[in-house]
Amino acid sequence: TATVDCSDYPKPACTLEYMPFCGSDSKTYSNKCNFCNAVVDSNGTLTLSHFGKC
């Protein structure tokens, strides 16, 4: 499975960069920052399904 290191994301303001990530919740996150914030908010229950749109 694909993994993403979110340890360097202490909830910064995310950029508008578009590099989509598909989460295990079947939602597409626009970039790593938005995905990592969602991972933190989920207490680690959200994982990466794959890179790219869901």
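The backbone N, Cα and C atoms fix where each Cβ goes, glycine too.
Taken from Swiss-Prot, the feature domain 'Kazal-like' covers 4-54, and the record attributes it to sequence analysis. Taken together, the residues in the domain 'Kazal-like' (4-54) have a mean pLDDT of 91 on the 0 to 100 scale.
Per Swiss-Prot, the feature disulfide bond maps to CYS6-CYS36 (among others). CYS6 (disulfide bond) counts 18 other C-beta atoms within 10 Å of its own C-beta, drawing on all protein chains shown.
According to Swiss-Prot, the feature disulfide bond maps to CYS14-CYS33 (among others). If you take the C-beta of CYS14 (disulfide bond) and look for same-chain residues 6 or more apart in sequence within under 8 angstroms, you find SER30, ASN31, CYS33, ASN34, ASN37.
Counting Cβ atoms from all protein chains shown, CYS22 (disulfide bond) has 18 others lying within 10 Å of its own Cβ. Taken from Swiss-Prot, the feature disulfide bond applies to CYS22-CYS54 (among others).
With a 10 A radius on its CB, ASN43 (N-linked glycosylation site) counts 7 other CB atoms from all the protein chains. According to Swiss-Prot, the feature N-linked glycosylation site maps to ASN43.
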Nearest-integer angstrom distance between the alpha carbons (Cα) of CYS54 (disulfide bond) and ASN43 (N-linked glycosylation site): 21
Length of the line joining the Cα atoms of CYS36 (disulfide bond) and ASN43 (N-linked glycosylation site), in Å: 11
